[in-house]
Amino acid sequence: MSSTKKPLVLTILDGYGHREEQQDNAILNAKTPVMDVLWQQQPHTLIAASGLDVGLPDGQMGNSEVGHVNLGAGRIVYQDLTRLDKEIKDGDFFTNPTLTAAVDNAVKTGKAVHIMGLLSAGGVHSHEDHIMAMVELAAKRGATAIYLHAFLDGRDTPPRSAESSLKRFTAKFAELGNGRIASIIGRYYAMDRDNRWDRVQLAYDLLTQAKGEFTADNAVAGLQAAYARGENDEFVKPTVIQATGEADAAMNEGDTLIFMNFRADRVRQITRTFVNADFDGFKRDKVVNFGDFIMLTEYAADIKVACAYPPASLTNTFGEWLMKHDKTQLRISETEKYAHVTFFYNGGVEEPFKGEDRILINSPKVATYDLQPEMSSAELTEKLVSAIGSGKYDVIICNYPNGDMVGHTGDYDAAVKAVETLDNCIEQVVAAVKAADGQLLITADHGNAEQMRDPATGQAHTAHTSLPVPLIYVGNKAVKAVEGGKLSDIAPTMLSLMEMEIPQEMTGKPLFIVE
């Protein structure tokens, strides 16, 4: 018979951010005697839950999916765009072993470096800043033939906005005294994802054979001719860019090709056209045996070419680490946030880990939650308190959705009610944890209810915020709080409170030091 467990409980108050100003602040203006006393008397700190601290672009508000991924991973989990921006800013991009080896190989064998991708500042499939960094990397490492094959956007950017990008790269090549834009084509052809192989073939022939419907001396002239034909960026027909006397930029055996899109769905088809021996979408007039073909990120597991930035593997998330150490865990929330404390918290793993139980409480069936700001918190608290006292679990992770779901309605009075309801719930949870001689962490995944009106417009503020969130410790250990934390520090904090080893994959730091 196993001994009764003293659980460590993580309570996530969704949308419960920290803001000092009282105006339009449903959290500060609500009557919260329990949270007030905890904040005054218990070890506590504020932690970052937005922007680069959670792997989002700088200044971007946090969200529940990203928040829970970071909470469970114990490390910052970067989106591809942010990860690449950061790599370039820190200089690590320029020493990426896959990219540098591919360029060095071309330099050594006297071959061309072809760079292709969506030349756009849209940031959805690619970013031209990444392409610029790649051009600079190739030039710095001594590549003498650098050819940029520009796919034009007009979907994630205005329909006719490519000219500034083409001018920027034309100027860069002039400054380098080396390389050029070799072709332009609309994404409608190069980035099809619906097996319209007639479109892809036009792009493939342009790239491999320098064969296009149109030719121009320079990229801007080629674009202006397309506009004159009535083609917007997305639909620019295959155009070879080649001034009189210039060698063509067809792709040849031994050349290096680097594909600079980071989003996979619209690059799989054309990539397979290049690399699959058994490709049968259309008859390829020319099959190029590249020295190196590099995809920037992994476009598909079955595309067997080198990848500069493989997916960040989320091994040893908090839940998986508990399983490996034979610990029991419970995940509990209402419908609205159930996926967050399970799938997202587990780093995108759907199946529960061994020893992981789950309890789903149905959220109330109302049109909007301002009509029932307490949501299903009474039932959720009852089940949570029962689980804490059951002695079954080493760890319990619970999400209360009220602050976020009611915050999204923009109804200030309802948000105040939601926060006051939560205070009553926390009172019961604290009592249960103390009775079980356990430990409790109270935090949030991002802010919302602390800012219910937009000061700039005077309208209801229904979105998340970029503000920090509280972290409070209640328990049987004497601990000292550390400042400057973020969501990815919570999992290591929990492991240290349980006196467990922290896996090396977790780069977060414990925020409560046992004295």
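Glycine is no exception: its Cβ is also placed from the backbone N, Cα and C atoms.
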Checklist entry - According to Swiss-Prot, Asp14, Asp445, His446 bind Mn(2+) 2; which one of Ser64, Ser377, Ser386, Ser390 is listed for that same site? => result Ser64
Checklist entry - Given Swiss-Prot annotates His125, Arg155, Asp156, Arg187, Arg263, Ala264, Asp265, Arg266, Lys337 as substrate-binding, which of Arg193, Arg331 belongs to that site as well? => result Arg193
Next on the checklist: So the record assigns His125, Arg155, Asp156, Arg187, Arg193, Arg263, Ala264, Asp265, Arg266, Lys337 to substrate. If I measure every Cα pair among those residues, what is the longest distance in angstrom, as a whole number?
Outcome noted: 37
Item to check | Count of other CB atoms lying within 10 Å of the CB belonging to His464 (Mn(2+) 1 binding site) | outcome: 24
Item to check | Proximal but sequence-remote residues of the same chain as Asp445 (Mn(2+) 2 binding site) (Cβ under 8 Å, at least 6 apart) | outcome: Ile12, Asp14, Gly15, Ala49, Gly62, Ser64, Gly67, His68, Leu71, His340, Asn399, Asp404, Val469, Leu487
Item to check | All-chain count of other Cβ atoms within 10 Å of Arg266 (substrate binding site) | outcome: 19
Item to check | Residue pair Arg193 (substrate binding site), His464 (Mn(2+) 1 binding site) - Cα distance, angstrom, rounded | outcome: 33
Item to check | Greatest C-beta neighbour count within 10 angstroms, which of the binding-site residues His125, Arg193, His408 | outcome: His125
Next on the checklist: Please report the distance from the Cα of His446 (Mn(2+) 2 binding site) to the Cα of His125 (substrate binding site), rounded to the nearest angstrom.
Outcome noted: 26
Checklist outcome for this item: His464 (Mn(2+) 1 binding site) sits from His125 (substrate binding site) (Cα to Cα, rounded, in Å) at a distance of 25
